[in-house]
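One structure is given below, encoded as structure tokens.
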């Protein structure tokens, strides 16, 4: 079934995976498809994500200026009215403690597309993802190759430093992804 058939009004789609797997690239692809269908899209970015001021992937792919409305917020409850919006796209969904708010938008017949990490650097699922998961109509897992051995599927996010803060935004300067074999080494 094609992706566009899965993105229906009133549905919640969730894309999970480790860092550097292409989740934001997938979201940009969805936005491009929705734009071709003349849907009004709102992209919500967490203020906890201090990595970039633009909507950009780790590989440098960016949303075009004015491609969709971009809202930066600490909580989804602060976003305000989305009455003229067809689709809500949320990157780094695990950053939003009130991610369950997406159910209300789905009840308003909006297309909801979420992307987030499969687990923290401690290999534990983020609670916002756990709470929204039962309400998702479609879930996609995107993997990547281990950054240590380049042989196996990496599903673990590993922090390079000893900082124990749960939310610490960063890229390859702070994190790598690795497979189960390399995690145990």
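For all residues, glycine too, the Cβ spot is worked out from N, Cα and C.
Taking Cβ-Cβ distances under 8 Å and a sequence separation of 6 or more, the neighbours of residue 92 (active site, proton acceptor) in its chain are 45, 46, 48, 49, 115, 116, 117. Annotation comment: Swiss-Prot describes 92 as active site, proton acceptor.
DSSP classifies residue 23 (ATP binding site) as helix under the three-state reduction. Look at Swiss-Prot and you will find 17, 18, 19, 20, 21, 22, 23, 24 tagged as ATP binding site, backed by similarity to another entry.
The substrate binding site annotation in Swiss-Prot covers 121, 166, 167, 168, 169, 170 and is backed by similarity to another entry. The number of other Cβ atoms within 10 Å of the Cβ belonging to residue 166 (substrate binding site), over all protein chains shown, comes to 11. Under DSSP, residue 166 (substrate binding site) is assigned to coil, being neither helix nor strand in the three-state scheme.
Under DSSP, residue 146 (Zn(2+) binding site) is assigned to coil, being neither helix nor strand in the three-state scheme. Residues or ranges marked as Zn(2+) binding site by Swiss-Prot on the basis of similarity to another entry: 146, 149, 179, 182.
Residue 179 (Zn(2+) binding site): 21 other CB atoms within 10 A of its CB, across all protein chains.
Close to the recorded Zn(2+) site, the chain also has 145, 147, 148, 150, 151, 152, 154, 178, 180, 181, 183: residues not among 146, 149, 179, 182 whose Cβ is within 8 Å of the site's Cβ mean position.
In the three-state DSSP classification, residue 121 (substrate binding site) falls within coil.
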